[in-house]
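S.K.: Here it is, the structure, as structure tokens.
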Amino acid sequence: MAIIQLSNIKKQYENGILVIDDLNLTVADKELLVLVGPSGCGKSTLLRIIAGLEQVTSGELYIDNERINNREPADRDIAMVFQNYALYPHMTVRGNLEYGLKNRKTPKDEINKRITHAAKLLQIEPFLDRKPRQLSGGQRQRVAMGRVIVRQPRVFLFDEPLSNLDTQLRAQMCIEIKTLQRSLGTTSLYVTHDQLEAMTLADRIVVMNKGAIEQIGTPMEIYDYPETTFVADFIGSPSMNFLDRKTLEQHLGHSLSYSQETDLLAFRPEVILLGEYPNQGAVFHTQIELIKPVGTGCHVLTHWNNNIFTIEIKERLTHDYGQKLSFTVPHQSFHSFNKSTGKRTREN
């Protein structure tokens with residue numbers, strides 16, 4: 001069992017730069033929680049604080065109700081996987097796996113038992129006698145994960161472990177990490193700037209921006225109900241399309257039934273209906289700026305009233321650049337926000 005609690009965490013450097021500001025977060029036992037956000041949002045710093053590699057300016061850290069602020073990293077029972085594999089090049093895979101256990105004076109029989117178990121889980125049994133230079137990038141990352149698995153810690157921390165891998169291998173490793181974490185049941189925090197990784201791996205996602213939490217929720221909650229314009233823009237590929245409420249009302253010729261504070265609307269690229277359906281939603285007559293083929297469909301950048309929209313079409317277009325394209329956004333597919341606060345609003 002490992003429940004992580006962060007209470008009023010603040011991290012400010014001596015030069016005055018505030019990295020994390022009054023952050024509160026609880027990670028449930030056996031949960032895989034993913035921290036996602038742009039570079040500089042504080043996600044990796046938060047991970048390093050939990051690991052004990054950075055000290056907090058103020059706030060409290062607990063694991064299973066035990067305060068760990070002043071504990072040394074080695075005494076926190078936490079294992080961390082980094083972006084760089086950090087394997088010892090002169091040692092075999094087996095040597096890398098057993099190194100930490102030997103330092104802790106773990107009995108030899110127990111070491112062999114743990115290595116056998118980890119190697120089987122990670123499918124690296126054939127590579128135990130090889131050196132890291134004889135392995136592919138994906139195999140090296142499995143060995144790096146094996147080193148933390150054999151320790152059997154209370155908590156796993158992953159700091160962008162897949163960012164050095166190509167797209168196809170990254171997708172494969174995401175599935176393997178998710179399967180592995182479920183099998184072991186170890187409470188885990190995973191940091192990434194890649195929203196696709198976050199959506200694939202997470203039980204819950206924490207979206208961070210400028211040292212603060214924008215939203216916490218399941219992948220589908222974050223995607224379907226973004227609480228801020230930042231989340232709406234950051235999560236989703238392509239991201240949401242935004243337009244001014246007054247501009248849309250002028251286009252439609254009537255007012256829309258949103259709360260008074262709503263002055264910004266947004267819609268996902270995939271919700272559109274190709275063609276004109278005025279009884280179902282808002283019809284847009286646009287001009288094609290760019291067509292990006294994606295398998296059997298395409299993403300289309302269109303120009304409308306000084307706005308550039310990206311829409312997703314699940315068929316191949318015969319249109320060309322500069323041609324007209326009409327589509328409809330169903331009424332229920334619009335999200336409503338307030339520009340000043342950046343927060344989601346509710347319909348009347």
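Note that Cβ sites are derived from N, Cα and C of the backbone, with glycine treated the same way.
Sharing the features that Swiss-Prot gives for it:
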- Gly37, Pro38, Ser39, Gly40, Cys41, Gly42, Lys43, Ser44: ATP binding site (BINDING)
- 4-235: domain 'ABC transporter' (DOMAIN)
S.K.: Averaged across the domain 'ABC transporter' (4-235), what pLDDT does the model get? Just tell me the whole number, please.
M.R.: 93
S.K.: For a quick check of packing: other C-beta atoms within 10 Å of the C-beta of Lys43 (ATP binding site), how many?
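M.R.: A 10 Å sphere around the Cβ of Lys43 (ATP binding site) contains 27 other Cβ atoms.
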S.K.: Helix, strand or coil by DSSP: which one applies to Gly42 (ATP binding site)?
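M.R.: It is coil.
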S.K.: Here the binding-site residues are Ser39, Ser44; which one has the lowest number of other Cβ atoms no more than 10 Å from its Cβ?
M.R.: Ser39
S.K.: Looking at the binding-site residues Gly37, Gly42, which sits with the largest number of other Cβ atoms within 10 Å of its Cβ?
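M.R.: Per the Cβ count, the most surrounded site is Gly37.
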S.K.: Taking 8 Å from the centroid of the Cβ atoms of Gly37, Pro38, Ser39, Gly40, Cys41, Gly42, Lys43, Ser44 as the cut-off, which other residues in that chain fall inside it around the ATP site?
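M.R.: Here the non-site neighbours turn out to be Thr45, His193, Met208, Asn209.
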S.K.: Measure from the Cβ of Pro38 (ATP binding site) and count the other Cβ atoms within 10 Å, all protein chains considered.
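M.R.: There are 12 of them.
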S.K.: Any idea which of the binding-site residues Gly40, Cys41 has the thinnest Cβ neighbourhood at 10 Å?
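M.R.: Least crowded of the binding-site residues Gly40, Cys41, by Cβ count within 10 Å, is Gly40.
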